[in-house]
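Q: First, the structure itself, so that you have it in front of you.
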Amino acid sequence: MLTIATLHVALQVFGAFSPSHAAAVTLEHRSARDGNSVAVPANWDVYGYLFNVTVGSPPQNITMLSDMTWMAPFVRSGRCLGQFNPELCVAQGQSFFNEHNSTTFANTTFAQATWPVTAFAPNFTVDYGRDKFCIGEICNKDTLMQVSDFPYPGSVVPVIPFGGIFGLAPTPEAITATSEPVNFQAWKNGKMGPLVGWHTCEVLKSAATCQGGDAQLVFGGTDTTMYSAKKLQSYEIQNPEWLSDAFYPSTPPRSNYWSTSLTGMWIRTDKLSKNYAVPFKAVKTAKRTPPLAVVDEGSEGLGAPLSLNGYKYLVRHIKSAKLASKAIVQNIQQQGSSGYNTADQDWYTVACDGLHEYPDLVYQLDGRKKYTISAGDYVTKLTDMPGSVCYLNINVWKYGRTENGDARVVLLGRAFLKRKYLVLNFEDRSFGLAPLRTG
């Protein structure tokens with residue numbers, strides 16, 4: 001989930017996984033010096049994938065939201081309005097980290113930071129502290145983390161089913177301590193390797209490889225039973241200066257997303273459409289540049305990515321496509337199966353059968369490998385409607401649009417990732433994709 005996206009969701013009850021469910025799997029390491037690995041299951045919630053860690057001494061269980069665009073770890077605390085007062089600062093039912101119950105917690109001299117707009121709370125204000133942070137059995141002492149200190153009582157913030165955010169964004173080229181994810185800090189201290197492996201079990205016959213969850217994260221390595229290393233295509237991240245202001249102005253500017261150039265985006269019927277990955281001028285004085293594709297495993301990127309112009313072309317080439325009624329649009333939004341910040345686009349219903357006749361969506365990253373999303377992964381059934389009602393689950397992302405209907409940024413989310421194994425490499429600042437073994 002992009003850190004400053006606007007969410008309007010109904011809260012759901014989440015059965016958190018215990019850290020004891022972390023398991024040993026067949027893992028890949030870059031070298032023996034890189035340290036250990038641990039695999040943990042994650043469960044899907046309307047906000048994204050959630051999993052458990054422990055923080056402090058003695059350990060406190062904290063359910064974390066996985067976020068590949070967040071940086072240093074964040075925990076809800078008993079602080080607000082510049083004071084420690086859990087009764088005032090934490091709403092009833094909200095989980096949080098109680099620093100006063102940890103013998104190893106320490107404040108730091110890093111300046112307090114505030115983000116005026118976020119998905120979770122306005123004027124999102126944090127202090128910085130250090131404490132022991134464990135993923136499964138792998139622990140890193142003195143992990144630097146964001147500790148909430150909102151400028152209002154806890155009752156202002158809705159109760160959410162997690163007590164922290166586990167940032168998985170790559171570190172910027174100019175690394176600062178406050179931009180380092182938990183696993184990066186642990187890798188620097190020799191506790192684990194520099195890789196993070198990720199896959200979802202959505203298209204698999206069972207959830208065994210996700211330890212009964214919806215997805216599995218491997219910290220410090222990858223699960224080599226789920227992909228062939230020979231088929232892994234890696235991409236060095238590309239974070240041009242204009243990307244930092246593409247969504248929301250940020251000070252200092254952000255330059256750390258898992259992103260690469262999108263050099264091809266086609267709709268394939270009996271032939272390929274024109275290429276909808278249209279180069280554009282990011283700034284008036286610059287040369288034309290290809291749009292970017294940003295990896296986002298969370299609730300922003302659920303649908304298959306297209307530009308508005310590409311979406312219109314797709315609709316024209318599906319005979320059963322009809323503009324959805326207001327009632328159906330409401331059901332789409334309530335079901336939570338499509339990305340947020342798509343409110344400006346039209347929605348279309350389509351026939352639920354004959355998907356093999358629908359077009360494929362084809363993408364090319366950085367002038368190299370091409371990837372395909374078939375109709376079975378971009379046509380979604382509405383579960384709370386009588387009869388069989390399906391719709392085009394396409395993400396024309398609000399913040400990636402250009403005025404003429406092209407896209408400057410698309411999100412590689414669930415529809416794109418569900419049949420792939422994803423490798424995040426924090427040492428090389430690259431990400432890799434390989435076909436997910438489904439047998």
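From the backbone N, Cα and C atoms, a Cβ is placed for every residue, glycine too.
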Q: Please work out, from what Swiss-Prot records, which of C210, C390 forms the disulfide with C352.
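A: That record, Swiss-Prot, gives the partner as C390.
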Q: I want to verify one value. Collapsing DSSP to three states, which class is C352 (disulfide bond)?
A: coil
Q: Taking Cα atoms as reference points, rank the recorded positions N52, N101, C390 by distance from D67 (active site) and give the first.
A: N52
Q: Can you tell me which of the recorded positions N52, N101, N107, C390 is spatially closest to N61 (N-linked glycosylation site)? Compare CA atoms only.
A: N52
Q: Which site among C352, C390 has the most other CB atoms no more than 10 Å from its CB, taking these as disulfide-bonded residues?
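A: The residue with the densest Cβ neighbourhood is C390.
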Q: Between 0 and 100, where does the mean pLDDT of the domain 'Peptidase A1' (49-434) sit?
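A: Mean model confidence (pLDDT) across the domain 'Peptidase A1' (49-434) is 94.
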Q: List the Cα distance (Å, whole number) between N52 (N-linked glycosylation site) and N101 (N-linked glycosylation site).
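A: So the Cα of N101 (N-linked glycosylation site) lies 19 Å away from that of N52 (N-linked glycosylation site).
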